[in-house]
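> TrEMBL feature annotations, pasted as is:
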DOMAIN    9-199  domain 'KARI N-terminal Rossmann'
DOMAIN    200-347  domain 'KARI C-terminal knotted'
BINDING   Asp208, Glu244, Glu248  Mg(2+) 2 binding site
BINDING   Asp208, Glu212  Mg(2+) 1 binding site
BINDING   Ser270  substrate binding site
Amino acid sequence: MAQLNFGGTEENVVTRDEFPLSKAQEVLKNEVVAVIGYGVQGPGQALNQKDNGINVIVGQRKNSKTWDKAVADGFVPGETLFEIEEALEKGTIICYLLSDAAQIELWPTVKKHLTPGKALYFSHGFGITFNEQTGIVPPADVDVFLVAPKGSGTSLRRMFLQGRGLNSSYAIFQDATGKAFERVIALGIAVGSGYLFETDFRKEVYSDLTGERGTLMGCIQGIFAAQFEVLRAKGHSPSEAFNETVEELTQSLMPLVAENGMDWMYANCSTTAQRGALDWWKKFRDATKPVFEELYDSVATGKESQRSIDSNSQPDYREKLNEELRELRESELWQAGKTVRSLRPENQEVEA
Ligand SMILES: NC(=O)C1=CN([C@@H]2O[C@H](COP(=O)(O)OP(=O)(O)OC[C@H]3O[C@@H](n4cnc5c(N)ncnc54)[C@H](O)[C@@H]3O)[C@@H](O)[C@H]2O)C=CC1
Ligand SMILES: CC(=O)[C@](C)(O)C(=O)O
Ligand SMILES: [Mg+2]
Ligand SMILES: [Mg+2]
């Protein structure tokens, strides 16, 4: 474990240097890792573990689209792909990767198979932290921990294939075997994490729910829409409004931020832009901060988790979500975006 200084605070991190894949393989060599659920995180984590030489099986409902996907991805029915209960029985480490709402329904079945010494692995602090809402209370004689990749399962897999690694947080809720630390870190490395930083279940879920509702997904769509609407109302064309709101950000400026920080991105823009950005950013911070305070409270009081459980456990939740996504897709903003994306040279048909 290394101690690193993050802007003035020392924190524990585990890197691939101190915990290489060979060590993860050694720790997991007698384990059967059962990945339950094959939605977004399931495939990323199962495939990365498979490619990393870990003994991984998938548990999924037969006659489902995702069963077929697991087969197409190389999992073999009866060998490495099983009905959920069979996988639960075979697994010594259970990676519980159903959607957070679905985890509630299957919990009694999972619990039945958590015999002493097994490990229960999550990729989110949701089920355990909000156990009054989820009913997820594991027996005392199993290890309980999490590795939460900080990004989509799709990115986890893509970055692995590119030889890169998404960073993840890890937390131990219960160490029944005395081996929870080496087990959780070995899994974190095996699923393709670039490095792992320490957290606990409550902090993981509070920060994750805040982030995805905030700057990562909810807030960013909100400020995109606000700026786009103002530009359109002032007579700017959709292409101009989209380019100045989204395209330039994702294609030109955010890669610079990712590479070397905000000041470096600013420094690579005009002095005119820098003057304006430096003058305006605090105003945006002050305008949005009360909304972030409200958001955090809504997470911490359990309102957000309850809403997620209530809506995502309806039988027609998928159709309803798809309908809301369709509205977003068909908005003028994202329709303009579709045309803009098609114009990127790399997306144009190569002329014969
Ligand atoms: N989507 C992502 O990239 C990320 C997800 N996470 C966490 O990882 C976990 C898994 O999330 P996702 O992969 O997004 O899940 P998901 O929404 O893609 O669902 C996973 C699987 O659950 C199955 N399923 C749904 N209802 C079921 C039921 N009643 N019985 C049996 N199977 C059922 C689906 O067929 C699917 O294979 C969650 O705890 C989530 O918060 C963490 C980081 C990112
Ligand atoms: C991708 C991720 O980390 C999220 C946004 O928290 C999630 O999918 O829940
Ligand atoms: Mg999340
Ligand atoms: Mg997240």
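Placed from the backbone N, Cα and C atoms, the Cβ positions cover glycine too.
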> With the Cβ atom as the reference point and anything under 6 Å counting, tell me which of the binding-site residues (Asp208, Glu212, Glu244, Glu248, Ser270) are near ligand 2.
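Near the molecule: Asp208, Glu212.
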> Out of the binding-site residues I have (Glu244, Glu248, Ser270), which ones have their Cβ sitting under 6 Å from ligand 4?
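Near ligand 4: none of them.
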> To the nearest Å, how far is the Cα of Ser270 (substrate binding site) from the Cα of Glu212 (Mg(2+) 1 binding site)?
31
> With DSSP assignments reduced to helix, strand and coil, which class does the residue listed as 'substrate binding site' get?
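Its secondary structure by DSSP: coil.
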> Is any of Asp208, Glu212, Glu244, Glu248, Ser270 (binding-site residues) within Cβ reach of ligand 3, i.e. under 6 A, and which?
Asp208, Glu212
> With every protein chain in view, how many other Cβ atoms are within 10 Å of the Cβ of Glu248 (Mg(2+) 2 binding site)?
12
> If you measure Glu248 (Mg(2+) 2 binding site) to Glu212 (Mg(2+) 1 binding site) at Cα, how many Å is it?
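Rounded to a whole number, the Cα-Cα distance is 22 Å.
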> Inside 10 Å of the Cβ of the residue listed as 'substrate binding site', count up the other Cβ atoms and send me the figure.
9
> Once the chains shown are all counted, how many other Cβ atoms turn up within 10 Å of the Cβ of Glu212 (Mg(2+) 1 binding site)?
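Glu212 (Mg(2+) 1 binding site) is surrounded by 13 other Cβ atoms within 10 Å.
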> May I ask for the distance between Glu244 (Mg(2+) 2 binding site) and Glu212 (Mg(2+) 1 binding site), taken between their Cα atoms and rounded to an integer number of Å?
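Pair distance, Cα basis, whole Å: 23 Å.
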> Go through Asp208, Glu244, the listed binding-site residues, and name the one with the sparsest Cβ surroundings, counting other Cβ atoms within 10 Å.
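Glu244, out of the binding-site residues Asp208, Glu244, has the fewest neighbouring Cβ atoms within 10 Å.
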> Mean pLDDT, the domain 'KARI N-terminal Rossmann' (9-199)?
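The answer is 97, the mean pLDDT of the model over that range.
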